[in-house]
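Sequence annotations record features per position, and here TrEMBL assigns compositional bias 'Basic residues' to 682-691. As annotated by TrEMBL, region 'Disordered' applies to 671-712. According to TrEMBL, the transmembrane segment annotation covers 90-113, 133-155, 207-226, 238-262, 274-294, 320-342, 363-382, 458-480, 500-523, 530-547.
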Amino acid sequence: SGSSGGTMASDSEAQRALQYEQTLMYGRYTQDLGTFAKDEAARLRLQEGDSPRPCRPSELLEYTQGRCAPCRVCALQCQRFLISKVGEDWVFLILLGLVMALVSWAMDFAIATCLQAQKWMYGGLDTNVLLQYMAWVTYPTVLITFSAGFTQILAPQAVGSGIPEMKTILRGVVLKEYLTLKTFVAKVIGLTCALGSGMPLGKEGPFVHIASMCAALLSRFLSLFGGFYENEARNIEMLAAACAVGVGCCFAAPIGGVLFSIEVTSTFFAVRNYWRGFFAATFSAFIFRVLAVWNKDEETITALFKTRFRLDFPFDLQELPAFAVIGIASGFGGALFVYLNRKIVQFMRRQKTINRFLMKKRLLFPALVTLIISTLTFPPGFGQFMAGQLTQKDTLVTLFDNQTWAKQGLSDEFEYLGILEAWRHPRSNVFVTLVVFILMKFWMSALATTIPVPCGAFMPVFIIGAAFGRLVGESMAAWFPDGIHTDSNIYRIVPGGYAVVGAAALSGAVTHTVSTAVIVFELTGQISHILPVMIAVILANAVAQSLQPSLYDSIIRIKKLPYLPELGWGHHEKYNVRVEDIMVRDIHYVTLNCKYRDLQQVLHSTKMKNLPLVESAESMILLGSIERAQVGALLSNQLSPHRRLLTLRQKVLSEDGHRLSDASIRFQISTETSSGTPARPALRKPLKPALKRVSSSPADSPPAGTTDHSGIALKSLFCANPTAEPTEVR
């Protein structure tokens with residue numbers, strides 16, 4: 001026993017020594033390999049030094065003559081250097097950011113012009129209310145109808161937000177016509193008209209789609225300079241950066257744009273794309289704001305909706321419960337918005353009579369919705385109770401105002417100036433106006449986002465959340481007119497801070513993102529309310545995610561896009577479900593060497609659009625899939641009359657009586673020329689030609705020259721060589 005124990009110990013020590021030697025061998029191998037590479041490179045350099053100097057390329061010879069020959073040669077080399085550098089990522093990202101900044105600024109200018117024209121028409125007809133109503137209603141109806149018709153004719157893929165489609169594309173699914181020039185033009189023009197109408201629609205989602213299309217088009221253009229832009233993995237990385245550019249140039253918020261794009265479009269994010277997103281989004285936001293300064297819209301580069309909250313004491317700790325209430329209520333409100341939006345779409349689809357009528361009159365639904373919303377927002381009418389004359393930008397500016405509009409519910413204690421006059425009504429206070437605004441805009445936005453035009457939902461939800469926060473802030477200011485600070489110093493409550501918290505919370509609840517907090521900070525230019533904003537956004541997400549999917553996942557389900565969403569709360573038991581528990585086992589498939597009869601049987605027994613192709617019925621190794629229509633087309637081509645005539649010609653021209661091996665497996669096509677029997681009547685379907693089995697025995701084989709022995713292999717349907725390995729029909 002002692003000797004055996006000593007032997008086992010020595011064996012274990014030998015194994016450890018062997019493992020140690022293997023690790024040392026691996027280390028020496030890698031070190032020697034590096035040394036060998038250095039020595040080899042040095043040897044090659046010495047050989048190049050000994051060799052004679054190569055001649056100038058032939059294309060440089062014409063530049064080496066004349067007085068300015070060195071300058072021309074240098075210019076040509078610089079040109080080649082720049083063309084080679086076009087492939088660098090930073091060049092592509094700069095071009096992407098520049099183009100998107102120009103597109104965003106041009107669209108904002110066109111939208112502002114359209115809205116100003118509506119105000120001019122409305123103000124010029126102040127002597128007649130009926131004419132004012134006609135102008136107020138007709139203008140947006142015409143723009144929305146044009147947007148819907150133009151988009152439907154040019155590129156129906158441009159309808160909607162675009163973020164659901166980008167989520168699907170970044171998962172590796174190819175969606176046809178979603179990243180083309182035609183869709184880009186339809187999206188830009190349609191979105192400009194839709195937002196210029198004044199409807200409660202947003203531009204953030206469509207801009208993500210526009211930036212992605214711009215990146216795809218730039219890749220195609222720059223592929224002329226080299227093949228590196230044809231790499232699919234590289235294009236996916238550039239699309240991920242483009243999503244950040246879309247949000248960054250829309251709100252001039254590069255940091256929030258990158259984080260929002262990651263949360264919205266990606267489940268797994270490659271860290272190597274992080275700098276690409278920040279670089280392109282920052283450059284795009286910078287150019288976007290520089291253009292505003294150049295157009296004299298701004299004096300310098302500032303925040304888009306700059307606020308002036310006090311910094312020494314922005315809020316009291318005792319106000320945190322109010323901010324938490326805003327977050328919880330926004331969570332329920334966001335889930336309700338997603339639910340209402342989905343139910344409106346499902347109602348329109350399930351009502352077959354309405355659906356059939358609207359399919360025939362495609363422009364009637366957007367025109368009708370626009371007419372209803374415009375009528376309700378008419379300022380002399382019901383719109384006077386909901387600040388109907390304000391645009392979305394003016395509404396957000398007034399809601400972020402740092403003054404208290406009303407105290408103790410009395411509206412005459414604050415002097416309304418400028419655009420703030422829209423919130424004042426002689427027969428009601430500001431609380432009634434805010435409540436009516438929230439309720440009306442809530443269902444209007446949920447309905448308007450179902451119109452078949454390029455539009456988003458982020459901005460309308462953002463404004464509704466700001467209005468709700470403003471309502472809570474005004475209530476707190478009326479409840480505590482002197483503030484709630486207990487020390488000798490008096491700090492009044494700032495309702496504008498509550499509006500900022502509400503905007504971030506509701507938009508975060510609808511989109512299931514936390515980065516809306518960062519977007520709010522960059523939009524307002526102040527970070528003083530970072531703690532209440534984060535508390536409200538996290539609580540809103542916790543409530544909304546437990547009730548409904550995000551708005552983008554809801555649209556994915558409605559459109560039935562090939563996307564697998566994340567499991568929500570309360571569904572953790574589904575993580576234990578295996579694929580074999582839900583997979584279909586008795587599926588029809590095509591083997592690599594299957595017979596013609598088997599293939600016909602598969603086509604007749606199933607209606608699947610794609611057929612799996614396996615190596616054999618025994619191994620069941622999946623080789624790929626083939627579309628049903630493609631199989632039919634290939635069979636029709638193989639058994640077409642043209643193919644028969646070609647076979648007959650080959651038989652006549654063949655003098656050596658060449659025939660395939662009797663052991664081979666083949667098809668024989670019966671024709672009137674090759675056999676004495678009359679041909680079967682022609683059938684309508686090309687997949688049912690007259691076929692006859694050829695016996696594999698020599699006795700049953702017809703003599704040479706009397707029958708056609710051209711075999712057609714099933715492999716030729718899936719391979720490039722049509723004459724390889726013929727198959728037998730049984």
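Glycine is no exception: its Cβ is also placed from the backbone N, Cα and C atoms.
As the structure is a computational prediction, the values presented were derived from the model and not from experiment.
Sequence-distant contacts of the transmembrane segment (320-342) (same chain, at least 6 residues past either end, Cβ-Cβ under 8 Å): 442-443, 445-446, 449-450, 457, 461, 464-465, 468-469, 472, 476, 498, 501-502, 505-506, 508-510, 531-532, 535-544, 547-551, 554, 557-558. Here the transmembrane segment (133-155) sits apart from the transmembrane segment (458-480); fewer than 3 CB pairs are under 8 Å, leaving out pairs fewer than 6 apart in sequence. Relative to the transmembrane segment (500-523), the listed stretch 530-547 leads the set 207-226, 238-262, 458-480, 530-547 in CB pairs under 8 A. Residues 200-205, 319, 322, 325-326, 329-330, 333-334, 337, 392, 395-396, 399-400, 404-409, 430-431, 434-435, 437-438, 441-442, 445, 448-449, 492-507, 510-511 of the same chain lie 6 or more positions beyond the ends of the transmembrane segment (458-480) yet place their CB under 8 Å from a CB of it. Ranked by number of Cβ pairs under 8 Å to the transmembrane segment (238-262), the listed stretches 207-226, 274-294, 530-547 are led by 274-294. Beyond the ends of the transmembrane segment (274-294), by six or more residues, the same chain brings 89-90, 93-94, 96-98, 100-102, 104-105, 237-238, 240-245, 247-249, 252-255, 257-258, 261-262, 300-302 to within a C-beta distance below 8 angstroms of the stretch.
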